[in-house]
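What Swiss-Prot records for this protein:
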ACT_SITE  Lys11  active site
BINDING   Pro94, Met95, Gly96, Gly97, Gly98, Ile99, Gly100, Gly101, Gly102, Ser103, Ser104  ATP binding site
ACT_SITE  Asp136  active site
Amino acid sequence: MQKLTLPAPAKLNLWLHIIGRRADGYHELETVFQFLDHGDELSFALRDDGVIRLHTEIEAVPHDSNLIVRAARMLQAQSGTTLGADIWLTKVLPMGGGIGGGSSDAATTLLALAHLWQLDWDEDRLAALGLSLGADVPVFVRGHAAFAQGVGEQLTPVDPIEPWYVVLVPQVSVSTVEIFSHPQLTRDSLPLKMRPVPEGNSRNDCQPVVEQNYPEVRNALNSLGKFTEARLTGTGSCVFGAFPSKAEADKVLALLSATQTGFVAKGSNVSMLHRKLQSLVKKSSA
């Protein structure tokens with residue numbers, strides 16, 4: 001196979017608790033990740049000259065600093081391959097939105113190039129490499145909804161309900177560093193003792209600080225909160241609410257469209273990236 005096109009799905013933090021701070025400054029978290037059937041798209045074409053080249057209309061991030069390029073070059077170096085790739089990014093997910101855009105792009109890149117370069121790398125090895133790029137990358141590599149601990153890299157598969165979501169996208173980018181360094185951030189939530197993880201935990205410890213500092217996010221939460229429980233994902237800026245049907249979610253988004261930007265997507269416990277990869281494996285073995 002010389003060319004490959006794959007999705008890079010969004011994720012939600014259904015809830016997020018901060019239970020402590022480590023000596024290295026990183027925070028200890030407990031959260032549940034679930035995927036959305038909505039995301040970026042990446043296409044990969046094989047090169048035999050070892051060059052990694054990203055083609056995108058997004059100019060906010062320098063080419064060599066882009067997580068996609070960093071992921072590709074890291075996999076190239078660690079595997080010892082002499083192959084390269086042209087990569088085309090169709091960007092849909094917002095940057096600074098808390099729905100995993102950059103991390104998801106990096107994970108899709110690792111999985112796609114491992115496939116395209118015919119590397120004998122399993123998920124464990126790719127996830128470990130992904131962690132060096134960002135704490136959220138491993139869950140996208142694994143591709144299953146998960147209860148996450150540590151900085152978000154210790155993953156236990158879970159299967160929460162899969163509703164339809166309205167996701168509002170405030171026109172502001174929230175700085176994760178700013179939120180996690182804020183003096184008013186809650187850092188002492190009690191670790192969960194129950195297993196399996198209860199679904200009733202409906203709190204994001206970052207939300208009060210983000211609401212206080214970003215009025216656009218506060219307005220989005222208030223708007224969506226008139227129809228269902230609205231919550232921040234990650235450190236934002238995106239907020240979400242669950243609905244039992246697409247029709248109901250579409251109706252609410254339409255009612256909010258005069259003042260809010262957003263989208264409707266289905267929650268999924270197996271990412272659309274992994275569903276696509278599984279279908280490719282089935283086709284190749286047929």
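For all residues, glycine too, the Cβ spot is worked out from N, Cα and C.
Overlay of Swiss-Prot annotations on the structure.
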residue: Lys11; record: active site; Cβ within 10 Å: 27
residue: Pro94; record: ATP binding site; Cβ within 10 Å: 19
residue: Gly96; record: ATP binding site; Cβ within 10 Å: 19
residue: Gly98; record: ATP binding site; Cβ within 10 Å: 30
residue: Gly100; record: ATP binding site; Cβ within 10 Å: 30
residue: Gly102; record: ATP binding site; Cβ within 10 Å: 23
residue: Ser104; record: ATP binding site; Cβ within 10 Å: 28
residue: Asp136; record: active site; Cβ within 10 Å: 27
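Here Asp136 (active site) is positioned 8 angstrom away from Ser104 (ATP binding site), judged by their C-alpha atoms. Note: the ATP site is recorded as Pro94, Met95, Gly96, Gly97, Gly98, Ile99, Gly100, Gly101, Gly102, Ser103, Ser104; in the same chain, Ala10, Leu93, Gly234 also have Cβ atoms within 8 Å of that site's Cβ centroid.
In terms of Cα spacing, the binding-site residues Pro94, Gly96, Gly98, Gly100, Gly102 that come within 10 Å of Lys11 (active site) are Gly98, Gly100.
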